[in-house]
């Protein structure tokens, strides 16, 4: 039996919802059927089981965005694998050299961005253009 609540809360990409037993209304828990190698949802109160419609039982969405410049660690200036440029002077101290790297923001439809970190040990200002 599908309720209006179920329909409204089981749509959208990556949604993994809570399922309830049709017999006793207790919560169903993921369980492996080892013999048939399928994922089931089983009630711990009665013997009710239902086959899962997806192999995903948990989604962890990370909402942190690299766009938040405060999360860029200034120690990246010591990373020898990062490229360096002298074409983008630091807007804070005017030092000529900066390390840079490319990253995508939270929204996949946006373009990749270049992030810069000033290599001046006394500055380590972070910016993007």
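All positions are counted from 1 along the displayed chain.
Including glycine, each Cβ sits where the backbone N, Cα and C put it.
Summarising the annotation, Swiss-Prot assigns zinc finger to 21-46, 86-128. Annotation source Swiss-Prot lists Zn(2+) 1 binding site at 21, 24, 43, 46, citing sequence analysis. What Swiss-Prot records for 90, 93, 118, 123 is Zn(2+) 2 binding site, and it gives sequence analysis as the kind of evidence.
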What other residues of this chain sit with their CB within 8 A of the center of the CB atoms of 90, 93, 118, 123, the recorded Zn(2+) 2 site? 91, 92, 94, 95, 98, 119, 120, 122, 124, 125
Could you tell me which of these binding-site residues, 46, 90, 123, has the greatest number of Cβ atoms within 10 Å of its own Cβ? 90
Among the binding-site residues 21, 24, which residue has the fewest other Cβ atoms within 10 Å of its own Cβ? 24
Nearest to residue 21 (Zn(2+) 1 binding site) in three-dimensional space, by Cα, is which of the binding-site residues 90, 93, 118? 118
What whole-number Å value do you get for the CA-CA distance of residue 118 (Zn(2+) 2 binding site) and residue 46 (Zn(2+) 1 binding site)? 62
Across all protein chains shown, the binding-site residues 43, 93, 118 give the max Cβ-within-10 Å count at 118
Between residue 24 (Zn(2+) 1 binding site) and residue 123 (Zn(2+) 2 binding site), how far is it from one CA atom to the other, in Å? 63
What three-state secondary structure does DSSP assign to residue 43 (Zn(2+) 1 binding site)? strand
